[in-house]
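Colleague: My questions all concern the structure below.
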Amino acid sequence: MNWNKGGPGTKRGFGFGGFAISAGKKEEAKLPQQSHSAFGAASSSSGFGKSAPPQLPSFYKIGSKRANFDEENAYFEDEEEDSSNVDLPYIPAENSPTRQQFHSKPADSDSDDDPLEAFMAEVEDQAARDMKRLEEKDKERKNVKGIRDDIEEEDDQEAYFRYMAENPTAGVVQEEEEDNLEYDSDGNPIAPSKKIIDPLPPIDHSEIDYPPFEKNFYNEHEEITNLTPQQLIDLRHKLNLRVSGAAPPRPGSSFAHFGFDEQLMHQIRKSEYTQPTPIQCQGVPVALSGRDMIGIAKTGSGKTAAFIWPMLIHIMDQKELEPGDGPIAVIVCPTRELCQQIHAECKRFGKAYNLRSVAVYGGGSMWEQAKALQEGAEIVVCTPGRLIDHVKKKATNLQRVSYLVFDEADRMFDMGFEYQVRSIASHVRPDRQTLLFSATFRKKIEKLARDILIDPIRVVQGDIGEANEDVTQIVEILHSGPSKWNWLTRRLVEFTSSGSVLLFVTKKANAEELASNLKQEGHNLGLLHGDMDQSERNKVISDFKKKDIPVLVATDVAARGLDIPSIKTVINYDVARDIDTHTHRIGRTGRAGEKGVAYTLLTPKDSNFAGDLVRNLEGANQHVSKELLDLAMQNAWFRKSRFKGGKGKKLNIGGGGLGYRERPGLGSENSDRGNNNNVMSNYEAYKPSTGAMGDRLTAMKAAFQSQYKSHFVAASLSNQKAGTSSAGASGWTSAGSLNSVPTNSAQQGHNSPDNPMTSSTKNIPGFNNSGNISSAPVTYPSIGAQGVNNTASGNNSREGIGGGNGKRERYTENRGGSRHSHGDGGNRHGDGGRHGDGYRYPESGSRHTDGHRHGETRHGGSAGRHGESRGANDGRNGESRKEGFNRENKMDPKVDSSRMDKVDSKTDKTPDGFAVPEPPKRKKSRWDS
């Protein structure tokens with residue numbers, strides 16, 4: 001084979017010019033490349049070894065790198081081929097011995113080689129062996145006698161101890177891990193630290209002057225009043241209600257019994273309520289009565305609406321919020337979800353009265369919540385921590401809060417909010433109305449209720465928080481300390497005959513003295529106090545349990561933890577230091593379903609404790625004697641905080657509002673129609689709020705129409721006769737509208753030489769041919785001749801308007817200018833005058849005739865009388881002008897107020913020019929109530 005055809009000196013290489021390969025040898029030159037495939041090694045090439053020896057090293061060197069690469073690929077490709085061919089079935093060739101063996105093999109012969117089936121077979125064998133062993137044990141146990149199963153077997157207590165030993169963390173509440181981790185600038189997670197919220201600092205309420213407010217709005221429906229005591233018991237039993245407390249209101253059984261107005265009832269019907277739930281039947285009357293309440297009911301019982309509906313009526317009776325005021329009602333709840341849910345209910349029912357609600361909870365935008373609080377909201381629904389944050393940052397305050405609700409108090413305590421809850425309650429005025437709702441009534445909740453509620457009514461719906469009624473409490477009021485001793489020695493034998501007696505004394509010295517005195521009387525007793533050794537205590541308690549000693553004299557060290565069912569009588573010889581200790585004392589009897597009696601001996605010096613005792617008895621449905629109540633009333637704080645009975649404030653259903661605010665769209669029923677100072681007394685009720693209310697404009701129009709019809713009354717005949725001179729001389733009717741001035745009288749006045757209105761009637765651009773004034777001036781000074789100005793009222797006197805033609809002409813020019821500048825208001829006023837003709841003055845024609853008939857006399861120079869009549873009718877003029885401006889500005893209160901000031905400011909001392917300047921910012925005027 002000739003590899004190089006170029007001759008001597010030419011370069012060897014590949015290519016068409018580098019070598020020539022014969023047709024027979026062409027395949028052999030490619031064999032080395034094919035030999036490095038995945039199916040064979042380099043040595044398998046037969047043609048490579050037959051090539052000429054000189055060319056072998058040169059050719060091998062050229063392809064050395066490629067050979068390396070191919071060897072690597074071949075190594076990995078072998079693995080891929082092996083792995084890919086693992087699952088392929090083996091099919092032997094035709095007519096081969098393996099093929100014959102394959103066909104002769106049984107189909108399930110390889111099932112023994114399946115590892116899963118082998119494992120399952122082993123498990124079944126083990127189970128069979130275990131069953132056989134258990135059967136043998138049962139046979140042995142039956143043959144053996146004298147073994148007690150109740151001793152040998154593990155009982156519940158042993159199982160509990162074993163479980164606690166194996167699970168030391170059982171019962172520990174694991175803190176939930178927060179998924180929302182925060183990361184620093186490098187992307188490393190920041191370890192979450194629980195935010196510690198300090199409670200609000202204490203506050204001295206005696207330094208704050210709180211305005212009084214009304215709490216009681218409940219007027220009992222006559223159907224409920226007519227119920228007999230037995231029917232009342234049956235109704236509560238039917239509703240599955242248990243009520244305790246001092247004089248609880250009777251429950252209602254329908255919405256009509258609550259006395260809600262139509263606006264609230266419309267929202268209730270819209271929310272698809274058909275009848276109140278059991279907790280609402282009793283809770284709404286309690287809350288409407290202004291009483292503090294403990295509501296114990298499960299979730300979903302309707303307790304949210306039970307405190308929202310009375311809250312709306314409570315808010316509507318108070319003054320509107322001023323800038324910087326905090327909320328009137330605060331609802332505190334444990335979680336954000338519950339906060340949003342209650343907030344939605346408050347908005348749904350609050351829009352009936354255009355009340356604003358704000359939800360304040362952790363996780364929300366602090367800035368947005370602070371902004372909403374600063375804009376003003378009557379209702380705040382909050383979680384404790386976030387409310388405290390806002391109060392500390394002065395975004396709001398609790399000065400005006402008079403309705404406080406704690407919902408799901410037990411969950412707040414479980415979440416560790418006890419101190420925050422107490423600090424919020426301590427920051428609200430002490431005479432507030434407080435409602436506490438909980439699903440359970442544990443000791444912590446009971447203690448909180450005693451601390452923050454005053455004379456609460458406890459309403460239990462369902463089978464939660466069953467009160468212990470096995471203890472009967474009897475209070476004996478004695479004159480002095482020696483009377484206690486006489487009472488005890490007289491009754492002690494009787495008590496010991498029915499069971500063991502436990503005597504409680506406050507001080508150790510008194511306990512020892514009482515024990516020694518009783519021993520001298522021959523009574524067998526034991527003594528227990530804190531200075532005794534533990535062995536002595538144990539011996540006394542053991543003897544008392546065995547009934548070896550029937551009487552035990554003890555201090556409060558025995559009040560807690562003594563569980564002796566044989567105690568039938570507890571005697572509080574000295575009153576306890578506080579009501580908590582008293583509760584634990586009387587709890588020593590009436591245990592394990594046994595009945596017991598607790599006696600408490602009081603003297604007149606125990607009036608402080610008597611108040612606590614009254615509330616304790618009322619909370620336990622025990623009888624409170626009149627003597628005990630009289631003794632408690634000697635205490636100033638109890639007398640002040642005691643709930644007041646009597647009927648609630650009238651709700652004015654269908655008419656005016658509660659107290660300071662009227663219902664939207666309704667006229668006031670109780671304002672004084674004759675007093676001009678009260679004309680705008682209800683104006684503040686219609687100020688537009690910042691909330692989005694679709695029908696607010698309609699309500700305002702209806703409100704002003706109602707005000708218009710109620711405030712302006714038709715003139716009587718006596719007013720016409722009394723104001724005859726004024727009606728013609730000045731063009732004002734007795735109601736103060738400029739609706740008719742005769743043309744003839746004006747002309748006569750022009751011809752008369754001494755008429756003070758000689759040029760004014762010509763120059764006034766408001767007269768038309770019919771004699772009606774279409775554009776009325778905004779302010780009218782009183783006119784007098786030769787100083788008769790003094791006869792006008794003080795509000796109407798103007799400087800420099802006396803006698804003299806020059807001054808009269810100046811008045812005429814100024815008056816005309818005034819009319820011209822306020823022509824728009826005058827046109828509207830003219831509309832009001834025409835409305836007056838059709839609505840209030842059917843006899844306007846006769847009055848016009850009367851004015852024409854007496855025009856000469858009236859215009860003949862009776863300027864003094866003219867001034868008097870103008871002064872007398874000024875109040876009505878103000879009303880009529882106000883009416884015109886109301887119509888002009890389409891019931892806009894802001895424009896109304898500014899124009900009202902323009903109308904009413906009659907003390908301008910400017911000598912020349914009566915044009916009213918730009919209205920200043922509205923200040924308090926005499927129209928405000």
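Just so you know, glycine gets a Cβ as well, placed from its N, Cα and C.
OK, Swiss-Prot features for this one:
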BINDING   ALA297, LYS298, THR299, GLY300, SER301, GLY302, LYS303, THR304  ATP binding site
COILED    116-157  coiled coil
DOMAIN    487-632  domain 'Helicase C-terminal'
MOD_RES   LYS5  N6-acetyllysine
MOD_RES   ARG12  omega-N-methylarginine
MOD_RES   SER58  phosphoserine
MOD_RES   SER96  phosphoserine
MOD_RES   SER104  phosphoserine
MOD_RES   SER109  phosphoserine
MOD_RES   SER111  phosphoserine
MOD_RES   SER185  phosphoserine
MOTIF     407-410  motif 'DEAD box'
Colleague: Could you check the binding-site residues SER301, THR304 and say which one's CB has the most other CB atoms within 10 Å?
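Modeller: Of the binding-site residues SER301, THR304, the highest Cβ count within 10 Å belongs to THR304.
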Colleague: Suppose you look only at the coiled coil (116-157); what would the mean pLDDT be?
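Modeller: The predicted confidence over the coiled coil (116-157), as a mean pLDDT, is 81.
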Colleague: Per DSSP, how many helix, strand and coil residues does the domain 'Helicase C-terminal' (487-632) have?
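Modeller: Counting residues by DSSP class gives 71 helix, 26 strand, 49 coil.
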Colleague: Where does SER185 (phosphoserine) sit by DSSP, helix, strand or coil?
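Modeller: Going by the DSSP assignment, SER185 (phosphoserine) belongs to neither helix nor strand, so it counts as coil.
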Colleague: Which numbers of helix, strand and coil residues does DSSP report for the motif 'DEAD box' (407-410)?
Modeller: 2 helix, 0 strand, 2 coil
Colleague: Tell me the Cα distance separating SER96 (phosphoserine) from GLY300 (ATP binding site), rounded to the nearest angstrom.
Modeller: 83
Colleague: Between LYS298 (ATP binding site) and SER185 (phosphoserine), what C-alpha distance do you get in Å?
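Modeller: On Cα coordinates alone, these residues lie 47 Å apart.
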Colleague: Let me spell it out: for each of the modified residues (SER96, SER185), count the other Cβ atoms within 10 Å of that residue's Cβ, using every protein chain shown. Which one has the most?
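Modeller: When each Cβ's neighbours within 10 Å are tallied, SER96 tops the list.
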Colleague: Quick check: in three-state DSSP terms, what is LYS303 (ATP binding site)?
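Modeller: DSSP call for LYS303 (ATP binding site): helix.
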Colleague: Across all chains shown, how many C-beta atoms besides its own are within 10 angstroms of the C-beta of LYS298 (ATP binding site)?
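Modeller: The answer is 13 other Cβ atoms.
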Colleague: Relative to the Cα of SER185 (phosphoserine), which of the binding-site residues SER301, GLY302, LYS303, THR304 has the closest Cα?
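Modeller: Out of the listed candidates, the nearest Cα belongs to THR304.
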Colleague: What number of additional C-beta atoms lies within 10 angstroms of the C-beta atom of LYS303 (ATP binding site)?
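Modeller: There are 26 of them.
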Colleague: I'm trying to understand the geometry here, so how far is the Cα atom of GLY302 (ATP binding site) from the Cα atom of SER96 (phosphoserine), in Å to the nearest whole number?
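Modeller: The separation of the Cα atoms works out to 88 Å.
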Colleague: Which site among GLY300, GLY302 has the most other CB atoms no more than 10 Å from its CB, taking these as binding-site residues?
Modeller: GLY302
